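Since the structure comes first, as structure tokens, the remarks are kept for the end.
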Amino acid sequence: MGSLATYDMENGDILKTIQVVKPEKSTTSTSTSSSDVTRDILVRFRILRMFIANVQEVMFGTKLSVLLTAIPFAFVAEFYDVGGPWVFALSLIGLTPLAERVSFLTEQIAYFTGPTVGGLLNATCGNATELIIALFALHQRKIHVLKYSLLGSVISNLLLVLGSSLFCGGIANLNKEQRFNRKQVDPNSSLLLLGLICQILPLLFRYVGNEPAELATASALELSRASSIVLLLAYAACLFFQLKTHTQFFEQQQEEGSDEEVREEEGAVIGFYSAFIWLITMTVIIAILSEYVVDTIEVASDTWGISMSFISIILLPIVGNAAEHAGSIIFALKNKLDISLGVAVGSASQISTFLLPLCVIVAWIMGIPLSLDFGVVETGCLAFSIVLTILTLQDGSSHYLKGLMLGLAYVVIGACFFVQKVPSDQSNTNDLGILLSSAKLGSSSS
């Protein structure tokens, strides 16, 4: 400080210049650093605000969000080994909103990928819950759970989801004629009938074939694997038909309806990468809860005194079809039956001709004898459901009575499986016989 005072006395003008320059440099650096800090704070605040908005849309954007509270309780019940029935019930409740949210996220991603990729994505993730449960059941060789759950999903979509949609849409539009485009229904109806044929033929081998029992069961398994390949090809051809060559059949209602209303309703509310990350997270949680369900379903059946067939065919599909159920009813209330039919019937045909044959092929690779023989009662219920649905939709119009008939048919089928008492160790008899027969044939040939 002393040298600075001497310098001030001898070179006052220069010192003034130095004094003016130094504060300017200090002020400039201070203002620059403060602006950087402010910019960082704004960026972090913007990211935090986007994250909170995404959480609100994904976690609380549905009325089923209250059921998400069952997910941590399911983890706690499994960790502390509270009991199989509790883990099963909590996992089943937690899967319900997750299935709906997965459908929501795939729709958000479809806005950025376009209709073709979006359609393929919906085809893959639309029935993610059913597929994950089926794969876990296949891994644990619980063939009866796999078959019953997929069979129940088809019946649930055709009778419960479609029936409730037609009923609610008819009640909400009593003064309007509800009509739909039959050209959208025909491809899915053909797929359902093709899938039914592929499931009836292996069943006939056991009852009307002239071959010995061992040869009949082995032939049924070989026929099921060949039929699965055919079904996968048919489903791929139907996707190409819907998404490429005849897209005009599936866009008619959107053109006839209020285009402005559709544009306002349809729009991405979260970004592509955010939706993709949320989709992966949801899928992981679904996988964990699905494993809990498959592990504890037999214990829950024995504890509650409810047949395994009822839990697998009725309860599990209701959870897996929560997204289709809610979406189909909403569109039916708005008198958009083409979209409702695409959701309900399209999901049923997807399970019958894609998920089920895919599981047969995967089981073939794993060396597990999984056939398309569901049994007499199960195949009969599926056949009546498909025929009743096709007859209901044959004239291209709808009213609440048609929906009521479909719903009552579902009640009857549910009562059938509720009174059917099939022990869990005997539910897999058909495929166990195929396994033993294949082993015997292999030993005899060698």
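Placement of Cβ uses the backbone N, Cα and C atoms for every residue, glycine included.
Given the structure is predicted, the values throughout are model-derived calculations rather than measurements.
Taken from TrEMBL, the feature domain 'Sodium/calcium exchanger membrane region' applies to 85-243 (among others).
Under the heading domain 'Sodium/calcium exchanger membrane region', TrEMBL lists 275-413 (among others).
The transmembrane segment annotation in TrEMBL covers 58-80 (among others).
According to TrEMBL, the feature transmembrane segment maps to 86-105 (among others).
Summarising the annotation, TrEMBL assigns transmembrane segment to 117-138 (among others).
Taken from TrEMBL, the feature transmembrane segment covers 150-171 (among others).
Beyond the ends of the transmembrane segment (191-209), by six or more residues, the same chain brings 154, 158, 216-217, 219-221, 223-224, 227-228, 230-231, 234-235, 238, 345, 348-349, 352-353, 356-357, 371-376, 379, 382-383, 386, 389-390, 430 to within a C-beta distance below 8 angstroms of the stretch. According to TrEMBL, the transmembrane segment annotation covers 191-209 (among others).
Marked as transmembrane segment by TrEMBL: 229-247 (among others).
Among the features that TrEMBL reports, transmembrane segment is placed at 268-290 (among others).
TrEMBL lists 310-333 (among others) with the feature transmembrane segment.
If you look up TrEMBL, you'll see 345-368 (among others) marked as transmembrane segment.
Taken from TrEMBL, the feature transmembrane segment applies to 374-393 (among others).
Residues or ranges marked as transmembrane segment in TrEMBL: 400-420 (among others). Same-chain neighbours of the transmembrane segment (400-420): 155-156, 158-160, 162-171, 174, 306-307, 309-310, 313-314, 377, 381, 384-385, 388-389, 392, counting only residues six or more beyond its ends whose CB sits under 8 Å from a CB of the stretch.
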For the domain 'Sodium/calcium exchanger membrane region' (275-413), residues assigned helix / strand / coil by DSSP: 116 helix, 2 strand, 21 coil
Top partner of the transmembrane segment (229-247) among 58-80, 150-171, 268-290, 345-368, 374-393 - counted as Cβ pairs under 8 Å: 345-368
Chain residues outside the transmembrane segment (58-80) and at least six past its termini with a C-beta under 8 angstroms from it: 86-87, 90-91, 93-94, 96-98, 100-101, 104-105, 269-270, 278, 285, 288-289, 292, 322, 326
Per Cβ pairs under 8 Å, the stretch of 150-171, 268-290, 374-393 packing most closely against the transmembrane segment (345-368): 150-171
